[in-house]
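The next block holds one structure in the form of structure tokens; read it before the comments.
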Amino acid sequence: MLDTASPAAAKVAAPPPEAGATSARAPLIRREALAFALFAFFAIAPAIAQVGAEGYLLSLVIRAMIFAIAALSLDLILGYGALVSFGHAAFVGIGCYAVGILMAHSVSDLFVQLLATLLASALFALVTGAISLRTKGVYFIMITLAFGQMIYFLTTSLAAYGGDDGLTLPSRSAVFGTDVLENDLVFYYLVLACLVGVYALLRAIVGSRFGRVLRGTRENPVRMQAIGYDPYRYQLVAYVIAGMIAGLSGFLLANHIEFVSPAFISWQRSGELIIMVVLGGMGTLVGPIVGAMSFLFLEEILARITQDWKLIFGPLLVLVALFARGGILGFFRRKA
Amino acid sequence: MYTTLILVQTLNGLQFGIILFLIAAGLTLVFGVMDFINLAHGVQYMIGAYFAFAFTSWTGSFGLGLLLALPAALVFGLLLEALVFRHLYDKDHLEQVLATFGIILFLNQGVKVVWGSSPLFVPVPEFLQGSIVLFEGFFYPTYRLAIIGAGLGVAALLYVLVNYTRAGMLVRAGATNAKMVSALGVDIRRLFMIVFGFGAMLAGFAGAMVAPILSVEPGMGDNLLILAFVVIVIGGIGSIRGAFLAALIIGLVDTLGRTFAGDVLRLFMDPGAASTVGRAVAPMLIYILMAAVLFFRPAGLFPVKR
């Protein structure tokens with residue numbers, strides 16, 4: 001079972017050890033400071049954006065925050081549970097389509113849509129997680145990919161809801177019957193509040209007893225079992241939580257661009273989520289936020305320099321993989 | 001009429017499966033022997049198609065173009081191996097995903113820069129044009145039959161190479177236990193390089209063969225990459241024989257499923273619902289199959305003997 005020579009045992013490097021040992025307290029505090037600085041930046045960004053082409057910048061930052069939420073959720077299972085999900089975009093898609101389908105039936109209430117999003121993504125996570133977590137390592141990567149592809153093809157076949165072409169939403173969700181979210185600034189701060197809330201929630205989960213068991217399972221599932229924990233149950237709960245949070249990000253994404261499409265669920269999107277987490281630094285919670293921001297901002301900046309920006313972006317990813325162990329956060333920690 | 005449709009679709013499925021096998025063969029070895037997740041294997045297929053296009057229009061003959069595309073794909077694969085992949089074997093899976101994803105972005109854009117983003121077409125070689133009468137009233141395009149034939153030929157060649165040559169023996173040993181092979185004094189890096197280059201060439205061959213029947217365009221390898229992963233997981237990672245059988249299964253299930261899922265469902269439900277559900281279920285079939293295999297037999301249907 002623990003035959004490391006077989007491909008069954010996925011090579012997933014454990015992120016650097018952190019909190020728990022007293023000597024590792026310092027990085028955690030620095031991380032909190034970084035998170036706080038990022039949130040403060042997001043909070044005043046609209047004021048700065050007023051100077052330039054505000055609508056465009058604001059929209060970019062909203063997108064970065066939404067993907068940061070999705071990447072954060074992936075970090076819970078990938079960074080803290082060593083569960084490499086290659087189908088995480090499915091949950092984002094479920095959130096998108098929960099909004100889109102309800103909208104198409106003229107149910108525009110935010111709370112109803114949010115409830116549907118969370119229930120649907122929790123249910124999907126529970127069913128697919130219960131099956132996927134029976135497999136290990138590389139096989140887990142592949143089975144989550146399979147489930148992601150199933151949702152992808154399911155949405156392409158939803159002819160009543162746009163099929164391949166996707167579905168344009170008539171408006172954003174209504175709050176108590178008002179269209180207050182149509183105001184971009186209000187929506188901006190709603191997304192920011194979700195991001196801060198998700199971060200605080202995940203930080204609490206990771207620091208709790210549950211989080212410690214999850215990390216113990218990452219390090220050595222057999223030992224955890226030996227001291228009386230059932231890794232499967234903890235991993236499944238983490239998988240469901242991560243799925244629901246990713247669903248929330250999908251809910252916000254649909255509201256942001258007022259359009260949903262199967263393209264959000266393709267395997268490349270799942271790959272991008274993994275890349276955001278690894279790029280920023282997995283198992284840190286701040287890393288995924290940094291990763292999502294870097295990914296989207298770099299994309300924008302490079303796209304302004306040349307339309308062939310992928311010629312620069314691709315090799316950059318290769319360089320990060322080769323030389324920056326632990327992602328951007330790990331790179332700077334070594335410098336410090 | 002209906003029998004003809006079934007026969008045609010079966011042959012189409014077979015032809016699709018053969019192409020999948022050519023891609024999956026390299027992927028399963030790279031995965032099985034080197035424990036390396038190579039997302040960039042799909043772009044090797046795309047590169048092969050572009051090489052076939054470039055050399056065919058240069059020489060004016062598809063045969064010559066194909067002949068030149070093969071070594072070009074091999075050299076390209078070896079170049080990538082030396083530049084990037086060689087440095088990734090010791091890294092963990094996530095870093096391999098990150099780097100090979102970067103290579104996909106780079107090469108998909110690269111072919112756009114060189115050949116433009118609109119789809120390109122390669123003419124079917126003259127002597128393979130038209131259809132063959134297989135039996136009374138049953139026609140099938142000659143070129144597609146040629147693909148099936150060529151693929152079966154390559155499969156036979158691979159079988160001989162893997163089972164009856166020294167290099168093949170080392171590859172089989174490597175798939176079972178790479179560390180042990182290395183400990184026995186085999187230059188495992190060179191073995192990796194050969195496996196990698198050969199896999200890249202096979203994928204390139206697949207791309208070159210489909211160039212005349214599909215449009216050659218950026219990103220054409222992205223979806224086939226995922227299908228190739230489905231194949232190697234179902235077949236058993238590292239197993240060529242498994243990849244061959246699984247590729248045929250996937251090719252047939254996918255092609256026949258897309259054509260007949262609605263008709264089969266019509267036996268149980270009313271026609272309108274059947275065609276809707278059929279359209280939804282058909283493309284999911286192979287992924288359902290993959291999830292089921294992973295759940296019940298994680299090592300695949302035809303695993304490498306350990």
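The first residue you see is number 1, and the count goes up from there.
Every residue gets a Cβ built from N, Cα and C, even glycine.
Annotation source TrEMBL lists region 'Disordered' at A:1-20.
Annotated compositional bias 'Low complexity' per TrEMBL: A:1-13, in sequence order.
Residues or ranges marked as transmembrane segment by TrEMBL: A:33-49 (among others). Panel annotation: around the transmembrane segment (A:33-49), residues 57-58, 61, 65, 185, 188, 192, 195-196, 199, 285-286, 289-290, 293 of the same chain, lying at least six beyond its termini, place a Cβ under 8 Å from a Cβ of the stretch.
Feature annotation from TrEMBL assigns transmembrane segment to A:55-74 (among others).
Nonlocal intrachain contacts for the transmembrane segment (A:81-104), taken as residues 6+ away from its ends with a CB within less than 8 angstroms of a stretch CB, comprise 10, 12, 14, 70, 73-74, 112-113, 116-117, 120-121, 124-125, 128, 133, 140-142, 144-152, 155, 158, 160-162, 167, 169-171, 173, 214, 217-218, 235, 238-239, 242-244, 246-255, 260-262, 264-267, 269-274. Taken from TrEMBL, the feature transmembrane segment covers A:81-104 (among others).
Within the chain carrying the transmembrane segment (A:110-131), a Cβ under 8 angstroms from the stretch's Cβ atoms is held by residues 87, 90-91, 94-95, 98-99, 102-103, 143-144, 147, 151, 173-175, 181, 235-236, 239-240, 242-244, 246-248, 250-251, all 6 or more beyond its ends. For A:110-131 (among others), the entry in TrEMBL reads transmembrane segment.
Residues or ranges marked as transmembrane segment by TrEMBL: A:138-161 (among others).
Positions annotated as transmembrane segment by TrEMBL: A:186-206 (among others). Remote same-chain residues near the transmembrane segment (A:186-206) are listed as 35, 39, 42-43, 46, 58, 61-62, 65-66, 68-69, 72-73, 75-76, 80, 172, 180, 214-215, 241, 245, 248, 252, 255-256, 285, 289 (criterion: CB distance under 8 Å, separation of at least six residues from the stretch ends).
What TrEMBL records for A:236-254 (among others) is transmembrane segment.
For the transmembrane segment (A:274-298), the list of distant contacts is 14-16, 18, 31, 34-35, 38, 60, 63-65, 67-68, 70-72, 74-75, 78-80, 84, 86, 88, 195, 199, 202-203, 206, 313, 316-317, 320-321, 326-330: same-chain residues at least six beyond its ends, Cβ to Cβ under 8 Å. Sequence annotations record features per position, and here TrEMBL assigns transmembrane segment to A:274-298 (among others).
Annotated transmembrane segment per TrEMBL: A:310-332 (among others), in sequence order.
Nonlocal intrachain contacts for the transmembrane segment (A:138-161), taken as residues 6+ away from its ends with a CB within less than 8 angstroms of a stretch CB, comprise 7-8, 10, 83-90, 93-94, 97, 100-101, 104, 124, 128, 131-132, 167, 262, 265-267, 270. Only residues 6 or more beyond the boundaries of the transmembrane segment (A:310-332), in the same chain, are considered here, and those with a CB under 8 A from a CB of the stretch are 13, 15-16, 31, 275, 278-282, 284, 286-287, 290-291, 294, 298-299, 302.
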